[in-house]
Amino acid sequence: MSDTSTAIQSTLVENRVFEPSAATVQAARIAGMDAYRALCAEAEQDFEGFWARRARELLHWHKPFTQVLDESNKPFYRWFADGELNASYNCLDRHIGTPREHKTAIIFEADDGTVTRVTYKELLAKVCQFANVLKAKGVKKGDRVVIYMPMTIEGVVAMQACARIGATHSVVFGGFSAGALKDRIQDAGAVAVVTANYQMRGGKELPLKAIVDEALGMGGCETVKSVIVFQRTPTAVHMEAGRDTFMHEEMAAQPTECPVEVVGAEHPLFILYTSGSTGKPKGVQHATGGYLLWAQQTMLWTFDLKDDDVFWCTADIGWITGHSYVAYGPLAAGATQIVFEGVPTYPNAGRFWQMIEKHKCTIFYTAPTAIRSLIKAADTDEKVHPKNWNLSTLRILGSVGEPINPEAWMWYYKHIGGERCPIVDTFWQTETGGHMITPLPGATPLVPGSCTLPLPGIFTAIVDEQGNDMPNGQGGILVVKKPWPSMIRTIWGDPERFKKSYFPEELKGYYLAGDGAVRSEDRGYFRITGRIDDVLNVSGHRMGTMEIESALVGKTDLVAEAAVVGRPDDVTGEAIVAFVVLKRPIPTGDEAKAIANELRNWVAKEIGPIAKPKEIRFGENLPKTRSGKIMRRLLRSLAKGEAVTQDTSTLENPHILEQLAKSN
Ligand code: WT7
């Protein structure tokens, strides 16, 4: 890569451009911008043919499809609907009998550094055994299984086993609380829960099974007939007779073969809950065929995956990134991948760099928030600076989950990529299933902080509130104009909300991403400017402000009212700030601190530690218009510590602004 221009006008207008080297282009699957444009043109001229060719080339179909896109019931699009396949077959069985049979599928590194490897053949045997366990428990095609597991081989095995028997999994991130877990189990109507006794993170043993017990004990989860427990650590946990059994004991009793349940392409592979603008999380439903196609295709395009790569996506399987780029994409593509149980800062903040060296990682995919925290650590402690490790095996870097600021981009490029590795800044969402807008490593000239251009076949655009195209340089609403195979199919149990949230009538039937964006004047490159709804992005995790607000007002002995907003944060991207009206006089000093702490811990207990407000401010009221509407824009200014410049003439109670401007 070479820096063809050096001037920076400001952080908003970014002029540095990094062209891929001739050697990178030559070796790439999509080699150069002309090749990229040719694929885009193919998709434009023959949309269905473009997707049909990809689907036939990349997936094994037990029954080939004859229809490609079915638009008869928009926006409930269907892809390859009369085709039949199995996701687990495509990820595992089809590598057997090929040179990939004995290839390492997963290099697992535990929190304490212990390494375990499994080949494709060994992984298939485990998946079959666990699929047989599920079947023995009576789990059938179409049943939902909740997976509440640490980052382990067994977590991937549980997902693949569900896919194998046609059960629809719903993975719940291990950081969610009992209440959040209960809501998801209940909404999905799960028949079984797969969990572990504990998880190991940063040298600490954290409970999982106890939280499952608590969730199931809350009532409303009567659909759950079995709980299968992976014994991650030797510590004993309560086991409910007749309901709970150990994964290893059950698996030992089962054969290592299990025929796949062939399903229709539209069969729901999984449901994954994500935050929206209301208090209730949305169960994003993905289909089998289209989803798997795109998970695999983007491995080949965005990461330019080669057979000898060692791929590492650091995301947890509890998020979409861990679905598409840990549990499905790498396996469908036959890659060797690293799965890491721990955290980037344990035993020290050099852990990622040490692991890249140790496992000779070639493609590294992580979140800006991790990069920013590791920059901070390296700045304060030489010993954890990446220069202490040999990172020369790396060839491609990736970023995901939130906008990456140009400073962090430059550090990542220089200190991790050795000014040699392209950075693919991949914009996508739980709902999109796979990458949407991203550079291609062997084609796209890179601009720090920009996710550049849509992938071939993906028709993103920036429009105004009526769906009219905006000219380059002018910000607007990010939409996708045409459907794509890995798109969300519906919100589990709530098709009306699906239509309303993603295909609002004003927008001409376009898919509404929920983000604002702007295209650069010169190249038409996309830059994401942030969510346009009441959704925050904290450390790459999506959080609804309403969810946090309803958790806060749930503390009925203390809280009368609460409003939550985001504030820019150097490390976490956005930080949560809560404005709270207590059912008692405004506290000061130590008392204010104690109550703020109590509320923070309450939110952690209600939703999970990721939802803890960074700051809580107290006031005797919230700023409201005369009609009673909370003025959130005003709160956002206050949270940032900005002077309030907005018009406050409609404000019912201007004096409370002073109270709320102060941190306690
Ligand atoms: C939201 C989706 C994509 C998987 C992880 C998050 C933001 C995601 C980027 C990026 C700027 C990004 C958007 C999006 N986002 N990637 N490369 N640049 N913003 O999935 O939890 O569904 O969140 O994350 O705001 O809407 P998610």
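Just so you know, glycine gets a Cβ as well, placed from its N, Cα and C.
Here is what TrEMBL says about this protein:
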BINDING   R201, G202, G203, K204, T321, S539  CoA binding site
BINDING   G401, E402, P403, D425, T426, F427, W428, Q429, T430, D515, R531, R542  ATP binding site
BINDING   V553, V559  Mg(2+) binding site
DOMAIN    36-91  domain 'Acetyl-coenzyme A synthetase N-terminal'
DOMAIN    101-484  domain 'AMP-dependent synthetase/ligase'
DOMAIN    547-629  domain 'AMP-binding enzyme C-terminal'
MOD_RES   K629  N6-acetyllysine
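Feature annotations (TrEMBL) mapped to structure.
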residue: R201; record: CoA binding site; DSSP (3 states): strand
residue: T321; record: CoA binding site; DSSP (3 states): helix
residue: G401; record: ATP binding site; DSSP (3 states): coil
residue: T426; record: ATP binding site; DSSP (3 states): strand
residue: R531; record: ATP binding site; DSSP (3 states): strand
residue: K629; record: N6-acetyllysine; DSSP (3 states): coil
Cα separation, T321 (CoA binding site) to T426 (ATP binding site) (Å, whole number): 11
Those residues of the chain, 6+ apart, with a Cβ under 8 Å from that of T430 (ATP binding site): L272, T274, V284, W319, I320, I488, R542
In sequence order, those binding-site residues of G202, G203, K204, T426, S539, V559 whose CB lies under 6 Å from ligand 1: T426
Packing count at K629 (N6-acetyllysine) (other Cβ atoms within 10 Å of its Cβ): 11
Neighbour count (Cβ, 10 Å) for P403 (ATP binding site): 22
ATP site span - longest C-alpha distance across G401, E402, P403, D425, T426, F427, W428, Q429, T430, D515, R531, R542, in Å: 18
Intrachain C-beta neighbours of T321 (CoA binding site), sequence separation six or more, cut-off 8 angstroms: C313, A315, Y365, V400, G401
W428 (ATP binding site), number of other Cβ atoms within 10 Å: 25
Greatest C-beta neighbour count within 10 angstroms, which of the binding-site residues V553, V559: V559
Number of Cβ atoms other than its own within 10 Å, given for K204 (CoA binding site): 11
